[in-house]
């Protein structure tokens, strides 16, 4: 077997086997699980999208998808909803993470329970609760009317706004926890040092805290965006069929149109978006990490 | 303290893993178990009436998978080479697709003798499936908001602006609003109007200002009707609305003067499904007078068995329409796409 000479230090050559950390084998079951239950089915799905009726290669499913303005509207809506959900989640999650980072003892437990417990509640139950909140004589409309913000009830049910609010509510923990994890690692001395040098709280936030938490923000945004573009039950319950998203189109293609090629091609498009988000966020996190 | 060697630990873990995987299979193979695909909205009476009845009469443990007809069809198609469902209860238009895809095993009278007692028109395509009970469909309404729904045209009225939800054409009950639109647009009776698709879609477009949303999952829409957020839920059916009314919820089901519809609830045997004899026995019981009477009463539906009195389940003096399901089945995919584009936004 050939040996590899250490490129820098000139230390004695080691066999290739010793270069591989054996603890990496612990990832084996997980990788196998992902390969069998995720990668292989996805690959089959991808191949299906390029297969014509006679078994040959075709791009017709993709050309027909992108040639239909309705599909493009659905694609745009899916991306818009995912983007706005991520933005709203971030706006709510960031201060929450800061508060959690400051909390100690029982208050930290309260925060964590408040964050994790709603995840055990089914989306269907939440959707029913939101319908009570969003309806024309619901709590939101009544509050805004009593505050004089609106003259008459406004329609909130079955709107894109309701979908964004609902989705952000469900996915909030996936934004809070990565930011909180990064905040926990920050050294408080950095804040004190900046303050001692005369930096105002606002200046400290934008020039110390925020840059250091960017990797957490990127990770949280990747989580929430990926979950948002692939959600099916939440839009089905909150906006119904009048404002479809890509996952709803996939279900429709497989279950109702019985068009596996179309369903596979939309799945592939969704997958490409998800992969792009993951790669971009990894690149961004690595770049921010390097800067840090 | 007893030390457990690594080898023994691995052996024990291996035996546990093999046992946990294999034992349920062995137990299942020995038990008389049937997996039935049915509608999600049927879960209540399937659990409360059918399961105990089957345990008592044919000695079978029944496992239900309650979902939409189209999902049941997809499950059958995906598991064609190794089916796990023995019997499926789904709607007629989807049954036609299942027959076309050669997923069903025909029923015969020697194995399912109760077929002989069914009403005329309830056995389809030489016994490929049979209707077991038939709820009737009309317009569900909130009794605090309205006194009733005299005509299907009420859905299009000015006072109903933003107060109506209709089912998607992905759902079988979605067809009723489409046919009502065709009937109102052409002035023809349902039997003729059902073929006037273009007129139906043009009339549906006029309904858009009144539509709060369209649904493929009914529970949320019905909840909004109960809360009074909407006043009418088009195409709803007796097995869903009337039990809620009986519980004191302020809803009722109207039978518009132009006619109501018979929901096409069918039962079929899965081709090459497990436990075929037990599956035959299950279907026979489902079509028998005893169980038919119980289900019909619980689900406020019309029994298929002629030995059971339908009573006053169906409103009198209103025509009941059964559509041309073959026509629906052959056009449904195109209609779904057209409907979704029309209602988008």
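Just so it is clear, glycine is given a Cβ too, placed from its N, Cα and C backbone atoms.
Automated prediction, rather than curation, is the source of TrEMBL annotations.
Outside the transmembrane segment (A:24-47), and at least 6 residues removed from its termini, the chain residues within Cβ reach (under 8 Å) are 264, 267-268, 271. Per TrEMBL, the feature transmembrane segment maps to A:24-47 (among others).
Beyond the ends of the transmembrane segment (A:74-94), by six or more residues, the same chain brings 160, 163-165, 167-168, 171-172, 174-176, 179, 213, 217, 220-221, 224-225, 228-229, 235, 243-249, 269, 273 to within a C-beta distance below 8 angstroms of the stretch. The feature transmembrane segment is assigned by TrEMBL to A:74-94 (among others).
Per TrEMBL, domain 'ABC transmembrane type-1' is recorded for A:75-281.
Residues 96, 99-100, 139-140, 157, 162, 165-166, 169-170, 172-173, 176-177, 233-234, 237-238 of the same chain lie 6 or more positions beyond the ends of the transmembrane segment (A:106-133) yet place their CB under 8 Å from a CB of it. Summarising the annotation, TrEMBL assigns transmembrane segment to A:106-133 (among others).
What TrEMBL lists as transmembrane segment is A:162-183 (among others). Using a Cβ-Cβ cut-off under 8 Å and counting only residues 6 or more beyond its ends in the same chain, the transmembrane segment (A:162-183) has close neighbours at 81, 84-86, 88-90, 92-94, 96-98, 100-101, 115-116, 118-119, 123, 126-127, 130, 134, 156, 212-213, 215-217, 219-221, 223-224, 227-228, 231, 234-235, 238-239, 243.
Marked as transmembrane segment by TrEMBL: A:212-234 (among others).
The transmembrane segment annotation in TrEMBL covers A:262-286 (among others). Sequence-remote contacts of a segment are chain residues at least 6 beyond its ends whose Cβ falls under 8 Å from one of its Cβ atoms, and for the transmembrane segment (A:262-286) they are 42, 45-46, 48-49, 61-62, 64-65, 71, 75, 79, 215, 218-219, 221-222, 225-226, 229-230, 246-247, 249-250, 253-254.
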